[in-house]
């Protein structure tokens, strides 16, 4: 059965690569010159191709991971083919590196799904393969396969680092985490997530051992505590865990490579006087708490085929009836967060080429009360999100939620690309849906991809004071993508 699965997966990977190459060819023919943030990325990569590593565009705010990897791929090819690096460092060849990363992502997603869902391997074969294929075409990520942006490579190294963590290769995971940070500085949050999963696994083991001392029954995993007694029990256990020398040393023994990366990153921030390199004016840190609400809504919409469930919706209604005071308090807190901590970045409404512009303009700007009227939807999507995480242990869920907040809340800009990694990690940890639901998810992603690529290629437009051709896409020109 494993051989059959390997053959099927290899065939689907080949088909995926062929289709992606055809789309890549079409996009490249229609768009030969750098577009949007490519006007910063591509010239910088070409400087590196010429060996000019000391030249740097001050408008670029990310580290040079993308350019270093591109040169590392192109230079050997140029040497073997006896071609000049400048010839191979064309716009199309630099974009092609992301097509290679896309192939890597589908394989990593498959390995992660296989590792995270190991039970009953034979029965779940088709679902594992289809799930990996669907997630590799996740629209916000897949779109940038055809352009020279950091997203696809950044995601590749984060997924690779997490896979190594799951296999216990913590030094390799930390090294891959460094590569991810070189693509985008905020990936340090997901390096911390890898470390958090290691700590969570140790805490789960300790929890089971403590439970076995008090009972002969099979020890359960730690679930989200919903009662004051449960919260108190988990807090007491956590305090004891980290203050006991034996368990603390066990954690340090396996998590020290991530700590080294964390210390190195802190040194970089101190020497650089901030997380951003280059232009920092458009990337100010703030407490944008509604970003979490946007992420919950984003996640629910893109996971709709696999998460929509009549029984779950009914359970939410029952939860409202059972705990009216609790949900009333949550609603009040949410309203206050929306009222006091909603930020509108200057780029959001200044550029009509990106999709968030139209969402904000056509929904949030309809009336000043719309953002408050959406709070019930935020609460439902947040409840659905947390309900899915119940399949994982409390400590694992806590590590993920902490990193989710760190990755989204400080960002002033509503930018869907910041949601790529947290969405994929959430989706990977969701219990494997049925084959039909996965088919619906793949169909949804395919339709969205076809629509967005069609809009990008065919529905061009011009600005009144500019002769340049403009195109619709997921993001705006950030001069340059900060984090």
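Keep in mind that glycine also has a Cβ here, set from the backbone N, Cα and C atoms.
Sequence annotations record features per position, and here TrEMBL assigns transmembrane segment to 6-25, 60-81, 93-113, 129-150, 156-183, 250-271, 291-309, 325-349, 369-386, 398-420, 442-461.
If you look at the transmembrane segment (369-386) against the transmembrane segment (6-25), you find fewer than three C-beta pairs under 8 angstroms, all six or more positions apart, and that falls short of contact. Only pairs six or more apart in sequence are counted, and the transmembrane segment (291-309) with the transmembrane segment (398-420) gives three or more Cβ pairs under 8 Å, enough to call it a contact. Sequence-remote contacts of a segment are chain residues at least 6 beyond its ends whose Cβ falls under 8 Å from one of its Cβ atoms, and for the transmembrane segment (6-25) they are 95-96, 99, 102-103, 106-107, 110, 125, 129, 132-133, 136-137, 145-146, 453. By the Cβ criterion (under 8 Å, sequence separation of 6 or more), the transmembrane segment (398-420) is not in contact with the transmembrane segment (93-113), since fewer than 3 such pairs are found. Each of 60-81, 129-150, 250-271, 325-349 was scored by its Cβ pairs under 8 Å to the transmembrane segment (93-113), and the highest score goes to 129-150.
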